[in-house]
């Protein structure tokens, strides 16, 4: 626990009166304080998100108006858009880097990194993470990998452009496409560092949740946020190393002439020496992480939703134990479904059958979660704060996107929609938009906790939510039809197929919605930045929430609570709990924070 | 022009948002400073949630009304009928669940919007309810899984019964080549190491293999209607995916291994062109193309429907234009076409 650093030992004692001298560097840059690290994660994640979303808007413009000249392309892309017409290579790069950034840098590090760091110590009643030092290293490795990824955008031959899954041989052979040279090398280096960062972070989260819970905080009293972060960290530790092995073997194939993934290749007039490798092996390794990754992205968002929704509904989350059980079931199943990305990869059809079976099973815990969220709203007293709206929006897109998973998870039906826009629509709704909503819900809800009591402007929040919600459906609902018309994804333009001529209008509609949605994110950005500086301070517990973080003072102090750490006497969801005579447990207050002891005559209800 | 128009629209939207936020902020100063939702926020957003439910239904209906005609026409392969049926049933289930759950979610959001002094119901558990909504998905999914697996096993069972035609589809950046087994219907051995561009042996056939000499290599895929076709896929460079959407068929082409797929085409190209959905589609498409021609734009010749083979796995710069025409015809037409093709032995000898 002690890291040898002078702060290390402080976690051990409970009384925390003395003060530390902190320099600018130790406070804001190489900070070991989880609250500062969480802000670092969030801001880095948002910057990466800005880049990722901007990229998607550019390639959406290309799809809607193929071959049109846009001066903005020339400004941003330079020689990749001669006369403002986007080049086919850079189109693929944009698609690739958009996927990489959004999945890993925004929704893995930006979401889970931010809120695991902020909430784990605060909600379980700990002074800080188990190892503040590892936590700091984890963030700076993430930062380094972000910087390398951004640098890769500027290499001579262009950034990686083999799709975010970087399947070899396309990604392994520089002669196969321009982006598979230096750009791809940097992509792999960046990802390797990212994985190291993610592992350090995850190990820290697991140890902290297991060891540093305050007195009375049994596992069954943990808020669902913590359950979600904890289980997410576990699947991260299980699956990220496999991606690292895939990346390392790919680096070997690319640079040292090995043949793990390559065999029998004739390209640009010559036969290459590779023999005996298989791209299918890479696909297995990649998706062994790749699928759990979907849940690494989604589970924290669901955890945040559980907490935000229960607080704002003024009701306990419905079926707490079922929610925990479904998180565990989803996590377990998520590690044995990866093959559904490979039904038509040439893998044995019997394997396809097995993966169809496991994949459709995952719909069961997901359905339980959706129904439990809906029931949580029933007969509530819903406080429709922006965070709450994003949580409701999450459940909506989670259902819409999840349902089409029934089609894609079925090996038979996958045959004809595999790799079409149907898939793009499906996963954007179920993991992209849903996880982003989770991120936004978390930011609106815990902004006061991050920025010392300051609150974000709710009206800008409403504008942000409603425009985003309408546009998200506007973009992705029609996209299912494009996919079912047979349009493959990752096509630079569809004009080579008269078959797809009549879909141009749909693509224009989708792009217009996307551009408006992008503009709406600027409202959020403005709100976020201006609230950091000029936000109005709210109450210490603005949402009247039960969890421990709101018992900590608004000012950030090292160790979170002055004096003793609060003890926990109940679960986190005693909202609107009453005595048999209908009176609230605490008169005049419809919530009972976790640190309030059981009252006389109060029934404990199993927690 | 469209670009200009869109940019104008965007600027207007941006201005509208800016103005809206200004109004919001102004109105806020006059009332209160709290950033926590009050009763009037709850009311507004509760109503908006209800409106949003209507929006979801509306965009669903709109999409079906406007876009369902874009969907692929009737399947042109034997297994395609079963595929379409399973898809239809899945979609009925999906829309049933979607309609109900979205209604509940948003209606509750509207109905139970917060008011000061209202008491929420402390309702933490109900085992029976949870059991019900666990069991129902279990049963429905069990049905779908069994049906899906049954169909899948049948589709993926590539065997030599019923005298199938053997065809190799060969992928490279960025085009397709097809190879037929010739009179003996057996493909000669091949490997990329035997490619000899100078001798026009582009698929790397083993020239010493007697089965290779009668192989027929073509750039247009002809298939006789009603006869099972066993496809064998090869790729010489990167991953490709042979996607034949009208036949509900797809399989990746993987360098270093041979993958397989099998289907029986059931509708000839000529008949498919008579299909009312296809006739409509061609009419709509040609109207668009005529308009483009009138504007002097390229790529605006009238279009005639054909089955296509597309590449559906990112394969590099020209991935978006890697296609081959497929022609399904009667047995006689097919035989006549085949008889007119040069055999591999002849092309090599001619070198």
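Note that Cβ sites are derived from N, Cα and C of the backbone, with glycine treated the same way.
Please treat TrEMBL annotations as automatic predictions, because they have not gone through curation.
The domain 'Cytochrome oxidase subunit I profile' annotation in TrEMBL covers A:24-569.
As annotated by TrEMBL, transmembrane segment applies to A:41-59 (among others).
The transmembrane segment annotation in TrEMBL covers A:90-120 (among others).
Per TrEMBL, transmembrane segment is recorded for A:132-155 (among others). Long-range contacts of the transmembrane segment (A:132-155) within its own chain (CB-CB distance under 8 A, at least 6 residues past either end) are made by residues 3, 5, 7-8, 30-34, 37, 40-41, 44, 47-48, 51, 93, 97, 100-101, 105, 109, 113, 117, 181-183, 186-187, 189-191, 193-194, 196-198, 200-201, 203-204.
If you look up TrEMBL, you'll see A:184-212 (among others) marked as transmembrane segment.
Per TrEMBL, the feature transmembrane segment maps to A:224-252 (among others). Listed as Cβ neighbours of the transmembrane segment (A:224-252) (distance under 8 Å, sequence separation of 6 or more from its ends, same chain) are residues 112, 115-116, 119-120, 123-124, 166, 168, 171-172, 185, 188, 191-192, 195-196, 198-199, 201-203, 205-206, 209, 258, 260-261, 282, 285-286, 288-290, 292-293, 295-296, 299-300, 302-304, 306-307, 317, 320, 323-324, 327-328, 331, 334-335, 547, 572.
The annotation transmembrane segment is assigned in TrEMBL to A:285-306 (among others). Within its own chain, the transmembrane segment (A:285-306) has Cβ neighbours under 8 Å at 103, 107-108, 111-112, 115-116, 165-167, 223-229, 231-232, 235-236, 238-240, 242-243, 245-246, 249, 317, 323, 327, 330-331, 334-335, 337-342, 369, 373, 391, 394-395, 398, 427, 430-431, 434-435, 437-439, 441-442, 445, counting only residues six or more beyond its boundaries.
According to TrEMBL, the feature transmembrane segment maps to A:318-338 (among others).
Residues 319, 322-323, 325-327, 329-330, 333-334, 336-340, 342-343, 398, 402, 405-406, 409-411 of the same chain lie 6 or more positions beyond the ends of the transmembrane segment (A:350-368) yet place their CB under 8 Å from a CB of it. Look at TrEMBL and you will find A:350-368 (among others) tagged as transmembrane segment.
Per TrEMBL, the feature transmembrane segment maps to A:389-409 (among others).
When Cβ-Cβ distances below 8 Å are used as the criterion, the transmembrane segment (A:421-447) is approached by residues 42, 102, 106-107, 110-111, 114-115, 118-119, 294, 297-298, 300-302, 304-305, 307-308, 311, 385-388, 390-391, 393-394, 397-398, 400-402, 404-405, 407-408, 454-456, 461, 464-465, 468, 472, 475-477, 479-480, 482-484, 487-489, 524, 528, 531, 535, 543, 549 of the same chain, each at least six residues removed from its ends. According to TrEMBL, the feature transmembrane segment maps to A:421-447 (among others).
The transmembrane segment annotation in TrEMBL covers A:459-486 (among others).
TrEMBL lists A:506-529 (among others) with the feature transmembrane segment.
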For this session: Return yes if the transmembrane segment (A:41-59) and the transmembrane segment (A:506-529) have at least 3 CB pairs under 8 Å (sequence gap of 6 or more), otherwise no.
Result: yes
Seminar exercise, completed: Residues outside the transmembrane segment (A:184-212) whose C-beta sits under 8 Å from one of its C-beta atoms, at least 6 past its ends, are 11, 100, 104-105, 108-109, 112-113, 116-117, 120-121, 124, 126-127, 129-131, 134-135, 137-139, 141-142, 144-146, 148-149, 151-152, 155, 159-160, 162, 166, 171, 174, 222, 226, 229-230, 232-234, 236-237, 240-241, 243-244, 247-248, 250-251, 254-255
Problem set entry | Per-residue pLDDT averaged over the domain 'Cytochrome oxidase subunit I profile' (A:24-569), given as an integer | 95
